[in-house]
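This report concerns only the one structure given below.
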């Protein structure tokens with residue numbers, strides 16, 4: 001989208017590493033309009049998404065806990081998809097219009113994880129949570145695996161506008177299937193078997209509460225909640241830094257061309273996707289068959305998923321221009337991060353599961369509904385790295401040298417290690433008292 005002549009002074013390619021790729025002799029499609037945006041303007045455009053995204057986290061968790069997540073998630077993605085279709089038009093109107101549009105996209109996308117968490121709390125039996133949620137959340141990684149190389153191919157052979165048209169249309173098709181196939185709870189699902197419905201509901205029936213309102217003060221004073229907040233913030237610092245700047249590192253430092261860049265930037269997320277699915281299976285097996293405590297599993301998987309990436313991230317910064325090792329270490333680092341999907345990422349459901357869908361009104365009124373709200377709280381803090389992490393990383397790499405990127409990787413690793421230690425010290429694996437009772441009442 002950007003006129004390369006505009007950013008020559010801002011996006012400098014260091015000459016420490018030799019040109020790795022054979023220059024492309026056949027020019028790719030050049031019909032897409034180019035814009036004269038400097039590096040600072042690009043930063044505002046990219047960051048504007050998160051300014052919308054952070055606003056809807058807690059409200060989305062609250063609404064999903066009261067009304068269910070199906071329609072909230074569905075219309076959130078639909079809105080984002082429609083705004084995506086209008087991205088080329090907004091870019092033509094100017095930077096201000098594009099920033100406003102991306103902020104609106106963030107508003108719609110911000111409901112995603114709180115709504116998903118609230119829905120899973122009504123569907124996932126306790127001993128299957130790691131497996132089910134990790135498969136579900138792994139879709140975010142799989143989307144990255146598909147979108148990075150596909151976007152590169154579309155830009156190369158067509159032009160950049162078709163990237164937004166393609167993904168916008170896919171989102172609208174998804175919305176239609178979502179409304180048709182999905183239900184908020186097992187009891188309202190049209191094709192679920194009586195056996196499966198009873199199994200799910202009975203497994204969740206003991207998670208009762210007499211709360212009639214959200215216990216905001218005890219909730220915000222809970223050290224177990226803040227352990228998740230710190231871990232989520234720390235993990236996302238590395239995740240968002242790599243997600244937004246890994247293509248830059250591949251291009252400006254390791255000097256891969258646009259086609260190789262798209263595919264190689266996607267490889268780490270393919271590893272993470274596989275790790276999330278396998279770690280979910282492993283975590284549930286450890287709890288169900290080997291009688292490991294929930295707390296032990298959450299802490300161990302979080303440690304692996306945060307300390308491991310930190311080690312290989314630092315290693316990637318200190319191997320210089322060894323292209324193969326750099327890609328391998330970054331892939332291992334991001335892959336190991338997949339363990340967190342069965343660690344702190346679903347710990348919300350352990351400390352405050354939110355269940356809906358019982359036909360027995362007396363039971364239904366006693367069910368707590370806080371997992372979506374907790375996810376909204378933690379994801380609000382975890383969105384901050386998306387705003388400031390890439391900006392800090394960009395300020396640390398004015399010349400795009402290997403040494404500058406070592407600083408970026410070491411900083412991300414240090415944040416990861418701190419989050420892992422904090423979560424290990426203060427996390428909990430059982431339902432907290434504020435989530436299951438009013439003050440002075442016995443726990444059910």
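Note that Cβ sites are derived from N, Cα and C of the backbone, with glycine treated the same way.
Pulled from TrEMBL, these are the features on record:
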DOMAIN    1-431  domain 'Major facilitator superfamily (MFS) profile'
TRANSMEM  44-64  transmembrane segment
TRANSMEM  71-91  transmembrane segment
TRANSMEM  132-150  transmembrane segment
TRANSMEM  162-182  transmembrane segment
TRANSMEM  223-243  transmembrane segment
TRANSMEM  300-319  transmembrane segment
TRANSMEM  325-349  transmembrane segment
TRANSMEM  370-393  transmembrane segment
TRANSMEM  405-427  transmembrane segment
Long-range neighbours of the transmembrane segment (300-319), counting only residues six or more past its ends (CB under 8 A): 231, 234-235, 238, 279, 283, 325-326, 329-330, 332-334, 336-344, 402, 405-406, 408-410, 412-414, 416-417, 419-420, 423-424, 427
Between the stretches 132-150, 325-349, 370-393, 405-427, which wins on the count of C-beta pairs under 8 angstroms to the transmembrane segment (44-64)? 370-393
Do any residues, 6 or more residues outside the transmembrane segment (132-150), come within under 8 Å Cβ-to-Cβ of it, and if so which ones? 116, 120, 123-124, 166-167, 243, 247, 262-263, 265-266, 269-270, 272-273, 276-277, 279-281, 283, 338, 341-342, 345-346, 349
Tertiary contacts of the transmembrane segment (162-182), as residues 6+ beyond its ends and Cβ separation under 8 Å: 70, 73-75, 77-78, 80-82, 84-85, 87-88, 147, 150-151, 154-155
Residues of the same chain, at least six outside the transmembrane segment (405-427), with any C-beta under 8 angstroms of its C-beta? 223-224, 226-228, 230-235, 237-238, 241-242, 245, 249, 253, 295, 298-299, 302-303, 306-307, 309-311, 313-314, 316-318, 343-344, 347, 389, 392-393, 396-397
Distal contacts, the transmembrane segment (370-393) - CB-CB under 8 A, six or more residues away: 43, 46-47, 49-51, 53-54, 57-62, 64-65, 69, 113-115, 117-118, 120-121, 214, 219-220, 225, 228-229, 232-233, 235-237, 239-241, 244-245, 348-349, 351-354, 408, 411-412, 435
